[in-house]
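Asker: Sharing a structure with you now.
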Amino acid sequence: MESLRTEQMLSLPAEVSSNNLEPAERGASAAQVDMGPHREAAAESPAPLPTREPEQEQSPGTSTPESKVLLTQADALASRGRIREALEVYRQLSERQQLVAEQLEQLVRCLAEKVPQGEALAPAPPGEGSTASGAVAAEETGAAAAAAATEVWDGFKCRKCHGFLSDPVSLSCGHTFCKLCLERGRAADRRCALCGVKLSALMVATGRARGSRRAGQQPPPPLRVNVVLSGLLGKLFPGPARASQLRHEGNRLYRERQVEAALLKYNEAVKLAPNDHLLYSNRSQIYFTLESHENALHDAEIACKLRPMGFKDNLELPHCSSQEEAAARGDGSSLMDPAKVKGDGQQHHMKDQEEEEEKWDATSPKAASSKTGKCQEKKRKHCQIESQEDTGMPNKASKQDPPTDQGDKPALSLPLASFDASDLECALCMRLFYEPVTTPCGHTFCLKCLERCLDHNAKCPLCKDGLSQCLASRKYSKNVIMEELIAKFLPEELKERRKLYEEEMEELSNLNKNVPIFVCTMAYPTVPCPLHIFEPCYRLMIRRCIETGTRQFGMCLGDPVKGFAEYGCILEIRNVQFFADGRSVVDSIGKRRFRVLHQSQRDGYNTADIEYIEDQKVQGEDCAELMGLHNCVYQQASLWFHSLKSSLKNRILNHFGPMPEKDADPQMNPNGPAWCWWMLAVLPLESRAQLPFLAMRSLKDRLNGIRRVLAFISRNQN
């Protein structure tokens, strides 16, 4: 149908077939060009322009019936995707001064829609006498030579503006963005562009910020630059790092209506990073604002070739700082709308978020006329609007890394001569970062190193900023960029570092050698043992027991001579409740008895090599005698417990639970009947008097001992 309509237009008389297309929506123009092959049937080649008579010379922009027919033909060719043929007709019309910028609307719209389908146009030769065009062409010529020296790993690019990271700020969710990109999106409903978590929940206030809140002020949480990453980027990529700063400075000047000054910043930035597509796309916008259309189109072509498959969305954005995000996604609309830019350039500050949302709604493709073409509607079906990211809605597509450059171009490059593994060493353990975590103050440590420091003091080990909120939340997310950087460029060092960590975890998970010992009180098998953990060494011990997966440690009585008793009980952690100041309450229960073979220490807490002990089983007449003794002592213990006062009995029940039932076979459990240990825990005995019962390997001796204790207590009560 489209082909038939085009052929009919080409066959109409000049008076009827004038260019009467409806005006396209503002901003629906392009920063990219598509010269790829198309499947449509080829239309007839544009007819050559007749030679003009000298007396027929007209003023620029004057339309004749002949020029209207050719303009209609050029627009039709552009709509069909035959861009080269259309440009040839436009060029001839321009040479005859029968073409004005407003008549290129159809071409620009088609360029914006057709770019992702194929290759970009070859660079156009600079016009004679055009100094600016010559400068652009010279930059393109030198770009290939400088690209190898400035090619940047895709991981070093901001996932919000898709440019080289400038003043990188790592959020507590683990993702890193440019500081200015985050400052532009710090409203209460803003979210991380990758994981969708609210920024207000990520930006943890430091001690100074909390102090100002107590004074009645409400300052925004400070954004601190990632010290390690910022220093590394400046060392490895001084050119792109400086170019990124110049880009942000140019954006600021552009918003302040200092367009010429912004152009100078971008010219300098392009020299430092000639393969950064954002620089060309943004400079194309500046050229178009200055009505230097040839330079604008030329820069747009270069941006297209640097990132041919990265152009997706088609949304009009209100200012240059946001246009670079659109250019990173391939938004050509914001790059070629001088009227829009001039209108927004009159403002001296960034617009409020609600105003931007209203503007986006008014200028979105859905609000525009349906006559702007089927390409717009088709594109809206296959892309997500960028406003989701800036208005607080997580964009699923943004979670994926942006596509790397196509072709034979290397996906990453790093100046290994200047790269040193010591640049990625933890300041606490002096080893390569393993599971790096960045604090709100901008310092990076290994996760385990940071946790150990917070066990002692809730402050940053380097700058002493308060980290109590981090300690309270206990949600540490690994820094994504730094993990990927180490895995990509230091694989051998990371392998060795991981090996050390795994060996340490394997050693810690051994429940026979170097078992962690909590020196505190008596513990018994099957009996609950709640613990209040506040000492730094035991915080570390409990955390390691959980991390290794064993969730077990030994409990022993203290000994003034040996350090701790020779016998103890293994406790298993059932639950841990953490407090904001780092303390915790551990719900544990006794599992097995052990004897200490060798004592030692590790990182401030006691450890021991142990052997597990069990009751010796009996058979025959001894077994029958044991059964009778077991039934008798159980009845005696039950009578004593029920004779206690109600208040005391309730306290025992709340702490230890109800008395266990009598076992049908007292030798079924290697540690003996559960009710025996429950009774020993509630009997009013000193810990030293209870310890021999834990060491006994004869159930008969243990039952006789309990019977004697009950008899002694009953006599004293009477």
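The backbone N, Cα and C atoms fix where each Cβ goes, and this holds for glycine too.
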Asker: State the residue range annotated as zinc finger by Swiss-Prot; the candidates are 426-464, 504-542.
Answerer: 426-464
Asker: Which stretch, out of 158-196, 548-586, 626-664, is listed as zinc finger by Swiss-Prot?
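Answerer: Zinc finger, as annotated by Swiss-Prot, spans 158-196.
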Asker: By Cβ distance under 8 Å, which residues at least 6 away from the ends of the zinc finger (426-464) in the same chain are close to it?
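Answerer: Result: 169-170, 172, 203-207, 221-222, 224-229, 470-471, 476-479, 482-483, 486, 490, 493-494, 497-498, 500-501, 536-537, 539-540, 543, 581-582, 603.
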